[in-house]
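Have a look at the structure below before the remarks.
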Protein chains: 4
Amino acid sequence: MKSSELGCLESGDLRISGELICKICQDLYNSGWVTGTGGGITIRSGDAIVIAPSGVQKERMQLEHLFVMSLKTREYLHKPLQALKPSQCTPLFLAAYTCRDAYACIHTHSQEAILLSEVFPNSDYFSASGFEVLRHIPRGSKRNGFYSVTDAVKIPFINNTAHESDLHDSLKAAILAYPEACAVIVRDHGIYCWGDTWQDTKMNTEAVEYLFQAYLRSRKIEY
Amino acid sequence: MKSSELGCLESGDLRISGELICKICQDLYNSGWVTGTGGGITIRSGDAIVIAPSGVQKERMQLEHLFVMSLKTREYLHKPLQALKPSQCTPLFLAAYTCRDAYACIHTHSQEAILLSEVFPNSDYFSASGFEVLRHIPRGSKRNGFYSVTDAVKIPFINNTAHESDLHDSLKAAILAYPEACAVIVRDHGIYCWGDTWQDTKMNTEAVEYLFQAYLRSRKIEY
Amino acid sequence: MKSSELGCLESGDLRISGELICKICQDLYNSGWVTGTGGGITIRSGDAIVIAPSGVQKERMQLEHLFVMSLKTREYLHKPLQALKPSQCTPLFLAAYTCRDAYACIHTHSQEAILLSEVFPNSDYFSASGFEVLRHIPRGSKRNGFYSVTDAVKIPFINNTAHESDLHDSLKAAILAYPEACAVIVRDHGIYCWGDTWQDTKMNTEAVEYLFQAYLRSRKIEY
Amino acid sequence: MKSSELGCLESGDLRISGELICKICQDLYNSGWVTGTGGGITIRSGDAIVIAPSGVQKERMQLEHLFVMSLKTREYLHKPLQALKPSQCTPLFLAAYTCRDAYACIHTHSQEAILLSEVFPNSDYFSASGFEVLRHIPRGSKRNGFYSVTDAVKIPFINNTAHESDLHDSLKAAILAYPEACAVIVRDHGIYCWGDTWQDTKMNTEAVEYLFQAYLRSRKIEY
């Protein structure tokens, strides 16, 4: 495509954010968290947020597929030339941006989130303690420091809804009710995870998913 | 090889389809669904269908290995120079193309298909409900919309046969009997999955296989 | 290194075989079958066999690490300039070459081979039936055709020994006693698998390992 | 960055060590041992040790992120221009370098280490016998030879602490108390593994982790 067709993604910080989204989509695909176009990602640069579209295979994501929205006006600063749909996660990403001053958000379709939903059918939150990885999980934001190994992290569950956008209110409520969480588990669906930078967001996502895996695998030993 | 030896695969839409087949074969190999030359793939371009051959390692697939057949006349429009055999899946791919107006079809040898065969030894179909991924599975074709999270998708089982081509009649019968399925499970063997475009086909395959995995892990079989 | 230092690996069929060994070593590493320098591989070109050395990380294998031996005289036609040790698998590879007229042999340290050793502590062979993948497993050589889905393939077990080279006699005996097997399982250790070409050998290895995995995973369902 | 900003990492053996660290970090990430910036690695060149920093994503590690320290003076010979923190593992790496004359050390956050902690809640060490991979595990250093298949290797456990650096004394005590171990397991955390060269260190790490996996799977925990 002609570079002019990339609009504000053509250069500068937005281009860097866009290229990062494409690379991280490949990482997330390789981790099994976004197969079949599941999941989503957004990275913020000042007032502008770059968002991967709906329905595009994550491992084939290109700059020309991405949307850019103004956080203040909620208007699209750039839309792809192709007739792509904005991500259905957009309202949820906005909740993380506005309630937490996050600079990126990742939505995974991890099967561990599904399994935890079944292990804790009636809990408001997932809790675990004693794992080294807790030292890599921030208390909502790294501005508040990190958990220690003996702390019990709490990551809230919210129920899944018929449409992704219907998750907005309960996600926002969970974000506000659990200020020391950097992620929310959507039952039978996946997680939303954010951070103070795109690096923090990717690290927080991997740390939380690692905790889920280690917890589930450890739990089998008790059987 | 001389480019003229590629025949109708040398340029245009058929070349694009051929190159996609080679790339997707690598993806499928990395997913563990086509090791040891198991499985198969075809992509359609108008009346012509491009088909990966039998007996070639999927992760080493090249343009020069591919066959092209006319959907109308069932004659080969192009054969590879090397003495390769056409895919034994060809009659099955044709069933998906003609009964569903599909534009691509993927055949996996996923072990989850084998496990489900044993979990449901006497069922006509696999059924599951409550998983977010259902929203990514079309009702046979996206022209009919997608399942909702609370719907119970049904994916038919057919029995395996001594020769792959002998599957044709039962596969066709299952396709016709389950118009809202985008895949068929061959017991102790794998799946056939199709879609309205090659992108849909790859996404449908990943969504169906994800559902199988999540279902089996939820049942505590594959924790 | 100067190309002359590659000796007979510098060009022609031996160079092609050597480059294939390096590429396939990466595939085998990614499959988890040769981590920590475990496992081995050899490819034959006429009277010459190219062999990966002992003690080199498989995913970093280079042409300059490889040995070349004459099948007839058992003398090295080429040794690497670096002081590397020949593979301890060499006598075992020779057994496959001479008893079966194979053109390649792969030795994996697959954990499935270990698990099967414990599932069948007293059996002379592993046997399985009913899996589609049997149609991809040759009766010793593809010259004898392939198994059908309802056949019961038999793959012999031999006991592990203190030194890899001590496996030679029992491996040779198993090869001769099971003419319709294309692989031997060394208890608590891994497998040796061969084929009529390097392609067949890689496909046979993947098919046999797939069968092991599918068998072990299916067996859990009965619990 | 200007090459002069790399300081002593710009050329020679230190640059080679630095580039190896970046490559091996990708390998370790792909193995699932250092996700979310967990884990660490160091390689020694004479008196200088190159160390990956804290808080940088392992799969994106670059030369410009690395620290270099003098083993004798414990002073930094080079720090990255970016405001990065030295690895919290540094005191632990120093213990391996000084107590064992190692030339590299890898710290993984493998979940198998966590699982073994729970399988053996009261043991001073993990022990296993009968696995072929024992022949790839050195008796502390390859200068002392390797285990045989029938030997019982012992790998000590130490308890986790609130801060990584607090592990130093118990790690050093375990290294001294188990001279025939090339690794230490930190309970609920991961392993430290060293070797006579960087190649040995990577091979030892893979061999020890393979043993853990095979042991757990054999016990039917991870089938």
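Including glycine, each Cβ sits where the backbone N, Cα and C put it.
Quick look at what TrEMBL annotates:
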type	residues	note
DOMAIN	A:19-216	domain 'Class II aldolase/adducin N-terminal'
BINDING	A:Cys89	substrate binding site
BINDING	A:His107, A:His109, A:His189	Zn(2+) binding site
ACT_SITE	A:Glu132	active site, proton donor/acceptor
Residue, out of the binding-site residues A:His107, A:His109, A:His189, whose Cβ gathers the largest set of other Cβ atoms within 10 Å: A:His107
Between A:His107 (Zn(2+) binding site) and the residue listed as 'active site, proton donor/acceptor', the C-alpha gap once rounded to whole angstrom: 24
Members of the recorded positions set A:Cys89, A:His109, A:Glu132, A:His189 whose C-beta sits under 8 angstroms from chain D: A:Glu132
Neighbouring C-beta atoms (10 Å sphere around the C-beta of A:Glu132 (active site, proton donor/acceptor)): 22
Recorded positions among A:His107, A:His109, A:Glu132, A:His189 whose Cβ lies under 8 Å from any chain B Cβ: A:His109, A:His189
Reduced DSSP assignment, A:His107 (Zn(2+) binding site): strand
Nearest-integer angstrom distance between the alpha carbons (Cα) of the residue listed as 'active site, proton donor/acceptor' and the residue listed as 'substrate binding site': 31
Assigned element (helix, strand, coil) containing A:His189 (Zn(2+) binding site), judged by DSSP: coil
Integer Å distance between the CA atoms belonging to the residue listed as 'substrate binding site' and A:His189 (Zn(2+) binding site): 13
A:His109 (Zn(2+) binding site) to A:Cys89 (substrate binding site) - Cα separation in whole Å: 12
Neighbour tally for A:Cys89 (substrate binding site), based on other Cβ positions within 10 Å of its Cβ: 25
Confidence summary for the domain 'Class II aldolase/adducin N-terminal' (A:19-216), mean pLDDT rounded: 96
A:Cys89 (substrate binding site): secondary structure state under DSSP, collapsed to three categories: coil
